[in-house]
Structure formats: structure tokens, C-alpha cells
Amino acid sequence: MQAQEVRLLYLFREDGVVTNDLEARVLRKITFRIVPFIMLLYFIAFLDRVNIGFAALTMNQDLGFSSTVFGIGAGIFFVGYFLFEVPSNLILNKVGARIWIARVMITWGIVSGLMAFVQGTTSFYILRFLLGVAEAGFFPGIILYLSFWFPARRRAAVTALFMAAAPLSTVLGSPISGALMEMHGLMGLAGWQWMFLIEAAPALILGVVVLFFLTDRPEKAKWLTEEERNWLVKTMNAEQAGRGTASHSVMAGLADIRVIALALVYFGTSAGLYTLGIWAPQIIKQFGLSAIEVGFINAVPGIFAVVAMVLWARHSDRTGERTWHVVGACLLAAAGLAFAAGATSVFMVLIALTIVNVGISCSKPPLWSMPTMFLSGPAAAAGIATINSIGNLGGFVGPSMIGWIKDTTGSFTGGLYFVAGLLLISAILTLILARSSPKAVETRTANQH
């Protein structure tokens, strides 16, 4: 086994030692086949979702948008996302990941490109809403898809690898977006128009690639040997059967109080994530920097977030502990936002944004490992989509409140404190959920061999 493969498999073992040759071989194959590709998909998804933050550096002035108008427009994406999330994930569960994820990517690529032709407030709101509709189902669809392939005791680690694409999107996408903004005037288009057009293209291309590359279920994986395929199918079926009292119906997934609790936890983390993604460029630019300088500075927090996320998820899987891994990360992010509210220099802002990015990124893998511990089948599709759709409304509330408070007070300070408060509430709700339903959030028993 090559050294890089051993290092990757270390993420999936409690003690870092691969003891089962068949398990090791299967995990290696499905990890290298699936994870890098879905990371690339999420990289593009997150970039197209938050590149509006860079567009705002000149678009707001070009189109006469106030901070309130921009905040609402940036956040209204999540209203469309909310309304169509559950239906989209149920369709994915019915028709298969390959076809539905391809549809999602192609339609969001088209709408993302159309953002280059925004003329005013109305078209801005409509296209951002439609982008949310188009992208609905992608993220929870991937979470559901991973639950078809990876055992629960390994899922936080693989989820961390997938989710690392978000901070990586900031690391690589920020300088790219900043550079594209400098294309202002080329062929009569503004820099922000070029940015939308160019960054929409990968989604269209990858949407077609998905049709030929993704495999819906382990049973159809011709790239596994018969022995490997049988082991994986048997393992995943045994895990699902072993849930015993797990909820299976769509209504069970929608009505489960634990689903609602996790959705509210995710609401706070989403508010923090998209406040960071959408407003960070303007928070940095207020110190008099160019678009390219903003891009490079905005990339730095993501570097630390990628490393921290993978290590944090590895520790969560190794210990089988989820609750405090979510709580601690939320508290760290809240502290970072409070620090950012009082920052008086670019260096202080950079430190604060790094703390926020690390905290929010670390909260996600253990959080998203929880719902599939008590949901399966159609209930998992509905429950995961419900958590994501309700939770992502935080992506509307956070950025919108930041814009309104900035217009009202002339400062980002109050808005940053507001979002920090939401993250504090997320931490408290996680503790309440763990106390009332410990089996829903911990995997210690699954990790005992």
C-alpha cells in the first residue's frame, strides 16, 4: 500500500492501524473514487454561492445597491433553497444521485452565469432566489450519498474531507475572484460580470461529467470486485438493520424533534458561515485594499480551516464523541466573531476571521454525522434535507441582518455580535439535544471493537 493511501486510511481507523485487508481495500477504493470528485463539486458549489461577496466590491456601486439591498439579495438564495430542498432530496433518493446531481449542477451553472446580467434590485433578487432553487438538494444529497457508501463510524472523517472543499474554495477561489474582478472594461463588461461568467462554466462542465462518473449505489459499483462489492453491501445493510428503532418513513424524518433541533443548530452555523463568505471581502476592503489584495487576505483563514477540520473530525471519529466537538467549535466561532467586531486593523481582522473559519468548519463534520445515526431510507432523505433547508435559512438571516445593521449604524459591529449570539444558541441547543437523546448524537458504541 502506498504511503499516501496509508495516510488517508488513517482517517478511518480509531488507532490509525489498518487491521482488515478487505476493509482497507474497499475503503481505499471508494475513498479515492468518490471523495476527490465530490470535493470538486462542492468546491464549485460553494464558490458560486459566495462569489457574490467579491462582486459586491464594485457591483454595489455600479448598480446603486445599499448594504441592506445587497444583504437581502445575497441571503434570498437560501429562501429558494429552503422551499425546494426537501422535494429535491426525495427525488434524488428515487431517481439516483447520478442523474439528479447532474441536473442540479447544470441548472445552477446556467443561473450563476445569468448573474452577470443583473440590471437592478428586482433582477438581483430573482436570480439569487433562482440560484437557491437550482442548487437545492445538492449538499444534503451528497450527505445522503455518503451514507450509502461509508459506515457511520467513519462518516465524520469522510464528511470532513468532502466539506474541506468549502474552506479550500475560499483559499483558491478568493485570489481567483479578486483577479477576475480586475478584468473590468474588457469587451465592455465589468469585472464582476466576467467573474460570474467564468466561474459558472465549471458547474456546467462537471454536470455532464457526473452522468458518466458517479455510481448510484454500492450494488452497481463495477469498479469494485465481486468480493469487495459483497462486503460493502453486507456491511451497509447490516448497519441499517442494526438501527432497530430508526425512523424510515418520510413523515418520520420531517416530524422528528431531533431533526428540528439539529436544523436549529445548523441555522446558527450557517449564519456564521455565510456571514463570513458573503461579507468578509467588504469587511477586509474597508481598510483600503484592492480587490486582489482582498482576495489573497481572504484566502488565509481557509488554509487553517482545512487542516483543523480534518483533524477535528478524525478526533471525533476516534473517540466516538460528537456533542462537544460541535459545541466547542460553535463557541470558538462565536468568540472569533466577537473579536472581529472590535478589530481595528487588517491583522486583527485576519486573526478573527481565521478563528471564525476554523470554528465553523470544525462544527460541520460531527454535526452532519448525527442525523444518519437515527434516520434511514426515505426518512434520512427527508430529515437531512429538512436540517439543511431550515438550517440554511441562517444564510438568509445572518447576511441580511449584517446589511441592515450596517446601514442603520454605519458599522459591521452590531451585526457581528448578532451572528455570534446565534452560534452561542447553537452550542446550547446541541447540549440540550445530547442530554435528551444521547443515542441520536453519539457513536461510541459503534466504535467499540
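Cβ atoms here come from the backbone N, Cα and C positions, even for glycine.
Straight from Swiss-Prot, the features:
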- 34-54: transmembrane segment (TRANSMEM)
- 64-84: transmembrane segment (TRANSMEM)
- 99-119: transmembrane segment (TRANSMEM)
- 130-150: transmembrane segment (TRANSMEM)
- 156-176: transmembrane segment (TRANSMEM)
- 194-214: transmembrane segment (TRANSMEM)
- 259-279: transmembrane segment (TRANSMEM)
- 292-312: transmembrane segment (TRANSMEM)
- 336-356: transmembrane segment (TRANSMEM)
- 367-387: transmembrane segment (TRANSMEM)
- 414-434: transmembrane segment (TRANSMEM)
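Under the criterion of 3 or more C-beta pairs below 8 Å, with sequence separation of 6 or more, the transmembrane segment (34-54) and the transmembrane segment (336-356) do not qualify as touching, having fewer than 3 such pairs. Across 130-150, 156-176, 259-279, 414-434, stretch 156-176 shows the highest tally of CB pairs under 8 A with the transmembrane segment (292-312).
Each of 259-279, 336-356, 367-387 was scored by its Cβ pairs under 8 Å to the transmembrane segment (414-434), and the highest score goes to 259-279. Between the transmembrane segment (367-387) and the transmembrane segment (194-214), fewer than three CB pairs separated by 6 or more residues in sequence fall under 8 Å, so the two stretches do not touch.
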